[in-house]
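I grabbed these lines from TrEMBL:
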DNA_BIND  28-67  DNA-binding region
BINDING   Gly102, Thr103, Gly104, Arg105, Leu106, Gly107  NAD(+) binding site
COMPBIAS  223-237  compositional bias 'Low complexity'
DOMAIN    91-192  domain 'CoA-binding'
REGION    223-245  region 'Disordered'
Amino acid sequence: MAHTLSAATASDGANRSTPIPAVSRMPVYLGALTALSASGSTTASSEALARACGVGAAIVRRDLSLLDHTGRRGVGYDVSELAASIRRFLGIDRLRPVGIVGTGRLGTALAHYLSDPQHGFAVRAVFDSSAARIGQPVVDLAIRDIRTLPDTVRELSLELLVIAVPAAAAQSVVDAVVDTDIRGLLNFAPVPVRAPAGLEVRHVDLATELQVLSHFAQSAPEASPVPAHASAPAQSSLGPLEAES
């Protein structure tokens, strides 16, 4: 059975329990629509989106049925309207205020990456416990003392928090914000954290992901040697976005 999460908000139209794989594919569709719009396309069929995203057309249609925008038979989906609908669904039809805890190499890289408004977020504050780092600039923001985290969350109305600290410090970050209005945590620390009901947590462990990839890579058939004169890369046969569980 597919895992589910509650994706309901007042405005996103997703007032149901939504399969996580479907939610995970929405940003991929949004990226494809952005590319189509940049190329001058105004409409897109489910088949075109399926080819662009590497999934089946039936999956595309099922996923997009969760939205408040429907396509027209024989015409397809309006690119700009569908993109706007996906943004509403994902809650990024406005810039959502984000804080980043931890300003080592990973935290700093994430701060720079997420500062691009096309992702739908606004990095409002960065935090660290190192006295040598506090006050130093990251993406035009002065690094704040981590002890100010709860007060800063309230002051800046932060909604999402990225945790990029060592494993031993991760739970204390969560504990510091449980009584604030933080709605979600993206945890890059290589350890699970406990959070109360109602506080959404997503775990991202890069080493774990590589270990899983390594398992599948070692059991995959060996690729044929690529001729020296070949100019186009081989297309991957993998279809991870189609996994339903």
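Every residue, even glycine, has its Cβ placed from backbone N, Cα and C.
TrEMBL labels come from automatic prediction, so no person has curated them.
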In the domain 'CoA-binding' (91-192), how many residues does DSSP assign to helix, to strand and to coil?
35 helix, 28 strand, 39 coil
Any idea which of the binding-site residues Gly102, Gly104, Gly107 has the thinnest Cβ neighbourhood at 10 Å?
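Taking Gly102, Gly104, Gly107 as the binding-site residues, the minimal 10 Å Cβ count falls on Gly104.
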Summarise the DNA-binding region (28-67) by DSSP state, stating how many residues are helix, strand and coil.
27 helix, 2 strand, 11 coil
Within 8 Å of the Cβ centroid of the NAD(+) site residues Gly102, Thr103, Gly104, Arg105, Leu106, Gly107, which other residues of the same chain have their Cβ?
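Counting only non-site residues, the set is Thr108, Ala109, Leu110, Asp128, Ala164, Val165.
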Counting across all protein chains shown, how many other Cβ atoms sit within 10 Å of the Cβ of Arg105 (NAD(+) binding site)?
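A count of 9.
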Counting every protein chain present, what is the number of Cβ atoms, excluding its own, within 10 Å of the Cβ of Thr103 (NAD(+) binding site)?
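For Thr103 (NAD(+) binding site), the count of other Cβ atoms within 10 Å is 25.
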